[in-house]
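Undergrad: Quick one: structure below, then a few questions.
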Amino acid sequence: MPTDVPSQEGHFSKFDIDYVPPMPRGITSLTVNIPASGHTTNELRPPPRWKTPEFIVYYVVALFVIPLMAWVPIRLSSPSHLNYPFYKHRLSAGWMFGREVDNSDAQYRSFRDNIPALSSIVLIFVALKYIYIRSALRSASSTPSDKLYLISFYLMFSALYLIGLHGTSIFKIIFILTANYCIAKASKGSRTGPLLTWIFNGLILFANEIYGGYRYASFHPSLEVLDAFQGIYPRWHISFNITMLRLVSFNMDYFWACNSRGGENIGSVPTEKQRANTPLPLEDYTYRNYITYVLYPPLYIAGPIMTFNNFMWQLRRPIDISISVQIRYFFRFLFSLLTMEFVLHYMYVVAIKDAKAWPGDTPLELSMIGFWNLIIVWLKLLLPWRFFRLWSLAGGIDPPENMVRCMVNNYSTLGFWRSWHRSYNLWIVRYIYIPLGGTKNKVLTTALVFSFVALWHDLSFRLLAWGWLVSLFILPELLARYFLPQTKYGQVPWYRHLCAAGGVLNAFMMVSANLVGFVIGTDGMMHMVSEIVGTWQGFRFLIAASCSMFIGIQFMFEYREEEMRRGIYRRC
């Protein structure tokens, strides 16, 4: 099951550099513009296949299959459908063409319902930042070349922001942050530093889960008065999982800085990779800078995740984030938001899934309920991440882009995890994967990484099962890459089709793992599998679905070839 699309990765690794490719034209303008692996080579790409007879057949199939995939959940969401009464109580009044809206997902609802309030906070933040900058520059004798003067503004806004969010729980957060900082400073370059850092932060995650963020009254009855003001988002310990990543980042970056030889040259216009990997001067690892980084308002709640080095280098060597870049990113976010609204108004698959309102549904209908639930999972994560990243761009800090490709534009398990929650993937690689040995012991390291990822998301068996499934499902791709490498078979005519067949298997495994972990759990997955593969009708659907996915993966291959023809090289 080889899944290395010909000439996609590994072939030019010795030429890899980190750079931001030029803005593409044509169909590849849909590609998210991020730092990527560039290749200083003049090798010609294969000629486009878009107009070949093979792809004309693919177009005909796609013109039938894609509308069908959208029509099935819309029909299941009709008030005239027999199962509609089972989930109707989960729907709310909508705003789009008189339709009700499926706003039943609690995680996304907390973001969707607060978009106006969050937008107001962003506008206040940007306005106050502009006033602060004008005031600071007016009082300065010369224009500074860095943005370190913004640290005071970030700290003041963070204090007000956290008090509004968590009320008196801000003291608990500051206590944990201070304890973590003391571990780093007390250990300095000692190897006990990383060990104590991981033990401390792991215990904090478990304690937060067990004690629900703690109550002051549990420490002493006289402190019960502090529990009265909990802010508009009292469950601070839920979002602390993201904060914990920043605590580890600071301690590890400081540890490596203490053990570096010094004298690193980051250049006048550092890349994202250089900013993350190049140690700062030791005097920059201060408590003030640490608190500013951990509590940076735009990224505090949900990320994207930045390393401490990356954050501080952007203050020391500011990068140009033009208004046009911010406007383009705003419209990309707005288009994604309207897409989500259309799905929630016309496809009530979340309510159907939660109510298990699928008696009598065909294998095709069951599969589309699962498929569109995964699309909603992707969108409900994409939207907050892009909102907060847009806010960060307006604040002068450029964090990594989290979602590089659409969920359905994936055929490689490894590539999928590089494009899904990319900033978290970069964090995992830097602070877990490489320190554990990386490619020297890929199978064991991968299993440990995904076990951590599962427990970090939620201390539950369902997520742990998801982590183990993902680790298991990566093995076929690793074996295929070893026994059928692209460098040896890439020019053979059948290789592309064999890659697509392997991609179909990968897609089925990725869908299964994510349905278990984030949608219906193990019991729901077993029911869906039994309904799909337990009947002759289900078997016929499985064959048709496999053929459709095979065609879709051929489109993915050709789209990546088109990217490379235009100078865009990705590892996903």
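Cβ atoms here come from the backbone N, Cα and C positions, even for glycine.
Taken from TrEMBL, the feature transmembrane segment covers 55-74, 115-133, 153-183, 195-214, 290-308, 329-349, 369-388, 465-484, 496-519, 539-557.
Explain the structural surroundings of these features, please.
TA: Note on the transmembrane segment (115-133): residues 150, 153, 157, 161, 297-298, 387, 391, 394-396 of its chain, located 6 or more positions outside it, place their CB under 8 angstroms from a CB of the stretch.
If you look at the transmembrane segment (290-308), the same-chain residues 6 or more away from its ends with a CB under 8 A from one of its CBs are 122, 125, 151, 154-155, 157-158, 161-162, 165, 174, 177, 181, 239, 242-243, 245-247, 249-250, 253-254, 275-276, 384-385, 388-389, 391-392, 394-395, 397, 399-402, 422-424, 426-427, 430.
Tertiary proximity for the transmembrane segment (539-557) is limited to same-chain residues at least six positions away from its ends with a CB under 8 Å from its CB atoms, namely 5-6, 54-55, 58, 61-62, 65, 362-364, 367, 408-411, 496, 499-501, 503-504, 507-508, 532-533.
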Undergrad: Who are the chain neighbours of the transmembrane segment (153-183) in space, where the CB to CB distance is under 8 Å and they lie at least 6 residues beyond its ends?
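TA: Long-range Cβ neighbours of the transmembrane segment (153-183): 121, 125, 128-129, 132, 193, 196-197, 200-201, 204, 213-214, 216, 226-234, 236, 240, 243, 247, 250-251, 287-288, 290-292, 294-297, 300-301.
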Undergrad: Do any residues, 6 or more residues outside the transmembrane segment (55-74), come within under 8 Å Cβ-to-Cβ of it, and if so which ones?
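TA: Beyond its ends, the transmembrane segment (55-74) has Cβ neighbours at 49, 346-349, 364-365, 368-369, 371-372, 547-548, 551-552, 554-555, 558.
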